[in-house]
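Noted in TrEMBL for the protein shown:
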{"type": "BINDING", "residues": "68-72, 150-156, Asp179, Ala291, Gly360, His410, Asp477", "note": "(6S)-NADPHX binding site"}
{"type": "BINDING", "residues": "Asn69, Asp146, Ser182", "note": "K(+) binding site"}
{"type": "BINDING", "residues": "Lys447, Gly448, Ala449, Tyr450, Thr451, Gly476", "note": "AMP binding site"}
{"type": "DOMAIN", "residues": "14-236", "note": "domain 'YjeF N-terminal'"}
{"type": "DOMAIN", "residues": "255-537", "note": "domain 'YjeF C-terminal'"}
Amino acid sequence: MISSNLRIPTTAQIRELEKNYIDFVKEKTGADWGQSLMEIAGRAVAHCLLPLWNNSPGHVAIFAGTGNNGGDGMVAARYLNLWGIPASVFILGSLDDERFSVETKTMKNLLQALDIETVSLTEDYLDQDLEETLDSITGGASVIIDAIFGTGLTRPVEGLHRKVIEAINNSARPVLSIDLPSGINSDSGAVMGVAVRADHTITFAHLKPGHLSYPGAEFAGDMSLVDIGLPDFDDAKDNIDESYKLTADRKIYLTTCGAVQGLLPLRPLDAHKGTFGQVLTVAGSLGMSGAAVMAAKSALKSGAGLSYLATPRSLIAGLPACEIVYKPLSETSKQSISAEALGELSELLGSVKACIIGPGLSQSSDSVELVFGFTEMLGISCVIDADALNCIAKNPNKFCGGKNFILTPHPRELARLLGKETEAIQADRISHALEAATRFNAVVVLKGAYTVIAEPGGRVFINPTGNPGMATAGAGDVLSGIIGGLAAQGLDTFDAASAAVYIHGRAGDLAARGEENNPILIASDLISHLPKAIASIASGEVSYLEERLAQSISGL
């Protein structure tokens, strides 16, 4: 079973972790560990700011809220002034605001005691026009720290907070955000009305889902992850605010090189082609044979011992002579697979370990009947992709589902399956992937930047590999083939999907790198780089995000 040491807690989970640990320390020692955590985090913020400040030395403006995120910013202000870097804190609220957390109020009082500039920003308090004041503050700063909201924002940003965020974005100054750019939903990555566009974001203990979901990932800029001494958590669910109940059961992880490395099938010296399993790909129609061939070939390139491609009989003569074993099927007058081919497919299933259905299949009435009939007869792992997903979307309640299935939709395909708009899917990718996994009792791979792999029960892996060059026709067919190839070698459906997505992205990264970082790729580039991708993972080469996070942890 795949295992990652990079947990990505939801807002509910990280709050529960912090509360439980603070309560534990209080009970055992009498100490207020919340204050200590804020001190550690705030010092890390000041340290993280130094590279930005060195590139743009001058005055630092810190916009702080009344919660703990603001307290982290106040600690940073104290350290920066201690190190000779002028920093002022602009609090969004009055200086005697009742909304201050206990820890943040302490930090604010300490700033005032040390005569560090601490200014209240309220719409009715300022003597001059608010927008003019904000322009003056941001214009006079060389670097800005965003310590307004952090995690836990659940409502649209309005009023004073909106005006401050807009002023920060209009300033053209380098911005460091604490925990998460203010205005980004920490669980979905959605913009809550308006959000800070950060150049760099520092977060503590764990990445948050919003860091790995767009548009939040874009707004966060470069990432630093800092260990502040929180222990691992045990999924305790006591005292969770009702606002976060829906995400409390999720177990979200970042797919890492080490996690995938542990899943790569061994290649014994005395192996033969039967050792590594057989894959059956049911795919292709007139004009779409390329998709079928790429899926079948990718299964071989990912290690399967034998790859069958079952496709319309009349198309086989025009397919390339290669390692794929072609199986002719009955066809319709439009040269797509006929529903009458179900009996022929049933005979083929006895000799294979995994199957793939969908690439280039067509969405004819025969294809719809074929997909439902084929999936009902299966007891082995099956990847459902492309047109097969669209066939199911015509009557999703009819789909039998099951844990042997791996659905690989892009956002529009998932929208069709769930009867929603594509924009809604993209606004909360993790929630919708889990919704589909639960509804169909299957593994769901929601493709796109930071691909989401979800299974019923709440386990989610988020993939860090890949690049925009992979947004090309056929890339999804290659992924289906890799998943099928790994499943044929004995990986269970969730492991096969998680490992395949990582390998697929690594192949894309190597392909782009091999072309002098050319961001334009075609699907065959991915196939040709699959062996190198698998070898690089086996040797321990991590993704860019993993490397960057490791550097930030060690550097702070």
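Each position is counted from 1, following the chain as shown.
Note: Cβ is positioned from N, Cα and C throughout, glycine not excepted.
Worth saying up front: this structure is predicted, and the values here are computed from it rather than measured.
Structure with TrEMBL features highlighted.
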residue	record	Cβ neighbours (10 Å)
Asn68	(6S)-NADPHX binding site	25
Asn69	K(+) binding site	26
Gly71	(6S)-NADPHX binding site	30
Asp146	K(+) binding site	30
Thr151	(6S)-NADPHX binding site	24
Thr154	(6S)-NADPHX binding site	12
Asp179	(6S)-NADPHX binding site	28
Ser182	K(+) binding site	28
Tyr450	AMP binding site	24
Thr451	AMP binding site	26
For Ala449 (AMP binding site): DSSP state (helix, strand, coil): coil
Candidates Asn68, Gly71, Asp146, Thr151, Thr154, Asp179, namely the binding-site residues, that fall within 10 Å of Gly448 (AMP binding site) by Cα distance: none
Mean of the pLDDT scores, which run from 0 to 100, over the domain 'YjeF C-terminal' (255-537): 96
Distance, Ser182 (K(+) binding site) to Thr151 ((6S)-NADPHX binding site) (CA atoms, angstrom): 8
From Asn68, Asn69, Asp146, Thr154, Ser182, His410: binding-site residues whose CA lies within 10 A of Gly476 (AMP binding site): His410
Cα proximity to Asn69 (K(+) binding site), best match among binding-site residues Thr154, Asp179, Ala449, Tyr450, Thr451: Asp179
Lys447 (AMP binding site) CB neighbourhood, other CB atoms within 10 A: 24
Other CB atoms within 10 A, centred on Gly448 (AMP binding site): 18
Residues within 8 Å of the Asn69, Asp146, Ser182 Cβ centre (excluding the K(+) site residues themselves): Phe63, Gly65, Gly70, Gly73, Ala147, Ile148, Phe149, Gly150, Ser177, Ile178, Asp179, Leu180, Pro181, Val196
Cβ packing number for Ala449 (AMP binding site), 10 Å threshold: 17
Rounded inter-Cα distance in Å - Thr451 (AMP binding site), Ser182 (K(+) binding site): 24
Where Asp146 (K(+) binding site) falls in three-state DSSP terms: strand
DSSP state at Gly71 ((6S)-NADPHX binding site), helix/strand/coil: helix
